[in-house]
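Peer 1: I'd like to ask you about the structure that follows.
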Amino acid sequence: MNYKLKTRSGWLDEYHQGVRYGLEGKLILEESSPFQKITIYESKRYGKALLLDDCWMTAEKSEKCYHECLIHPALCCSTRIDNILIIGGGDGGSARECLKYKEVKSIDLVEIDLRVIELSQKYLPTIGGNAWSDSRLNLQIKNGIDWVKHTKENSYDVIIIDGADPIGPSKELFSNSFLKDCKRILKPGGVLATQSESPESFQEIHINIVKILREIFDYADPMYGSVSIYPSGLWSWAFASMENPKYIYPKKSRVKEISENCQVWSERWQQGAFNTIPAFIERELAKI
């Protein structure tokens, strides 16, 4: 996955494998943290956007689909949602969605790069919203791999892996060893959720993520939707559980609690998204 970022007459373009995706606007900030290159860009169409290592990560007016689709299939379906672990998620969007549920008592958000949090709070405050001041959110500026490795068994009801593409500091978040550790610290009846790349632009990576999850968990399935600032626009999330698939059947009480506060996700949307599998991907998934 080799990315390049270029500017041209008021545009910022991400280049990858012969494809260019650009937004018109202006550059606000560009710096390097100890872990990655961070860019903040103000686009005319989607508002302020965050890029990591020259990849579009999130933008104010296009982030709802990504965050709602990563969080709610897991939290609406898990047996309990008292204790949540988020790996990554430094923009605050995943925490914001989790905190819509009154049942949630504690969220450990483990982000390796403090600058991602600081710059998101300063330049993209609407994404995290009130999550940053919620007493249920515990920020841990640490390595997520190490955090999971040293956490005791059955610690979390839901685990959310909200990492970037499998390059740089996020690469190991897709490894067999890390996901096995996630299974170990997930409580019975719990659900794991992860972003799982574009099935069109990164088909091999997407299939491999689902394959690893199915090797480790009894049940694992991808779900598909649209995220306009990502390569090809077609994106995926994968969900895993040790119980017959917990992530497909939302609890009615939770649906009622959060549905009016969602822009994309709904119970009907979730059911459709799990069944709307591109034919070429379905054939590949049948092989694993």
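Positions of Cβ are set from backbone N, Cα and C atoms, glycine also.
Annotations for this protein, taken from Swiss-Prot, read as follows:
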- Asp162: active site, proton acceptor (ACT_SITE)
- Gln36, Glu111, Asn143, Gly144, Pro169: S-methyl-5'-thioadenosine binding site (BINDING)
- His67, Asp91: spermidine binding site (BINDING)
- 9-242: domain 'PABS' (DOMAIN)
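A description of the local structural setting of each listed feature is requested, covering burial, neighbours and distances.
Peer 2: Of all Cβ atoms in the shown protein chains, 25 besides its own fall within 10 Å of the Cβ of Asp162 (active site, proton acceptor). A strand conformation is recorded for Asp162 (active site, proton acceptor) in the three-state DSSP classification.
According to its DSSP assignment, Asn143 (S-methyl-5'-thioadenosine binding site) is coil.
In this structure, Asp91 (spermidine binding site) belongs to neither helix nor strand by DSSP; it is coil.
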Peer 1: Rank the binding-site residues Gln36, His67, Glu111, Asn143, Gly144 by how many other Cβ atoms lie within 10 Å of each Cβ and give me the one with the fewest.
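Peer 2: Each of the binding-site residues Gln36, His67, Glu111, Asn143, Gly144 was scored; lowest Cβ tally within 10 Å is Asn143.
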Peer 1: When you measure from the Cβ of Asp91 (spermidine binding site), how many other Cβ atoms are you left with inside 10 Å?
Peer 2: 26
Peer 1: Could you tell me the C-alpha distance between His67 (spermidine binding site) and Asp162 (active site, proton acceptor) in angstrom, no decimals?
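Peer 2: Here the two Cα atoms lie 9 Å apart.
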